[in-house]
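See structure below.
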Amino acid sequence: MVKVMLGIISVTLIWGYTWVAMKVGIHDIPPLLFSGLRLFIGAVPLFLILFIQRKKLSIQKEHLKSYIIMSLLMGLGYMGILTYGMQFVDSGKTSVLVYTMPIFVTVISHFSLNEKMNVYKTMGLVCGLFGLLFIFGKEMLNIDQSALFGELCVLVAALSWGIANVFSKLQFKHIDIIHMNAWHLMMGAVMLLVFSFIFEAVPSAEWTYQAVWSLLFNGLLSTGFTFVVWFWVLNQIQASKASMALMFVPVLALFFGWLQLHEQITINIILGALLICCGIFMNTFTFSRRKV
């Protein structure tokens, strides 16, 4: 259990700062290109680890479909859509919206993992929805279409991440974690780079020091290292319990965004973040009844 706690803490700290690093990176590099390179950089050291450990690199034929689905969910569905939407949303707010993921996980797990909904989880879902209303409210009232579009993209990415978490627990429980992550990152990278080549003006990328640093941080730490740790944690404890720890990530992201990027933290964002964190807690904490 100590290893699980250390894994959760390391993931939380790294992912808390990831949003600032991403915002810095996509300022100079188109979002799909940034995402594709990030996944590629994250995948390379994982393949090296497999090679050093003399583990089989190829994918078994019967598992190929699962790897492709995982790549679509985490590559295009999560990383691609998230980074594209982040162009229009502050880093801290992006994190708050992405970490509605545990609420999606709880709902999906009810139907696929037999982790049943109860009154507390239902209350948590309601809290999360009200939190989203607080965050979306300003853009909906002011008809800020670009910000609203970006926020909806981030929510779609959160849903895709939630589906991927449950899918990994169903399909990859007995498959080597490093092997699974190496391949779904590499396959996702190829997909994103193809989309970038088709839809983005790649020559517009500016390879500044900040952009290169952001890519390395996001690729090696935020992707390669943390994805392995996170999916390992998911195999050790309930998916919903693991997701509860992630409520601290948006709090750190809001702080880092305010500290480094001078992003504004409004009362709506604070209330929305609190309600979403409350929703995550209600969805994932195990409430026990005392016998009288």
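Glycine is no exception: its Cβ is also placed from the backbone N, Cα and C atoms.
Taken verbatim from Swiss-Prot:
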type     : residues : note
TRANSMEM : 6-26     : transmembrane segment
DOMAIN   : 13-137   : domain 'EamA 1'
TRANSMEM : 32-52    : transmembrane segment
TRANSMEM : 68-88    : transmembrane segment
TRANSMEM : 94-114   : transmembrane segment
TRANSMEM : 123-143  : transmembrane segment
TRANSMEM : 147-167  : transmembrane segment
DOMAIN   : 159-285  : domain 'EamA 2'
TRANSMEM : 182-202  : transmembrane segment
TRANSMEM : 214-234  : transmembrane segment
TRANSMEM : 242-262  : transmembrane segment
TRANSMEM : 265-285  : transmembrane segment
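Between the transmembrane segment (94-114) and the transmembrane segment (214-234), fewer than three CB pairs separated by 6 or more residues in sequence fall under 8 Å, so the two stretches do not touch. On the 0 to 100 pLDDT scale, the model's mean across the domain 'EamA 1' (13-137) is 89. With respect to Cβ pairs under 8 Å, the transmembrane segment (68-88) is most closely packed against 147-167, considering the stretches 32-52, 147-167, 182-202.
Contacts between the transmembrane segment (6-26) and the transmembrane segment (214-234): present, as 3 or more C-beta pairs lie under 8 angstroms, all at sequence separation of six or more. Touching of the transmembrane segment (32-52) and the transmembrane segment (265-285) is ruled out by the presence of fewer than three CB pairs under 8 A, sequence neighbours closer than 6 excluded. Sequence-remote contacts of a segment are chain residues at least 6 beyond its ends whose Cβ falls under 8 Å from one of its Cβ atoms, and for the transmembrane segment (182-202) they are 30-33, 35-40, 42-43, 46-47, 49-50, 59, 67-68, 70-72, 74-76, 79-80, 223-224, 227. Summarised by DSSP class, the composition of the domain 'EamA 1' (13-137) is 103 helix, 0 strand, 22 coil. Helix, strand and coil counts under DSSP for the domain 'EamA 2' (159-285) come to 108 helix, 0 strand, 19 coil.
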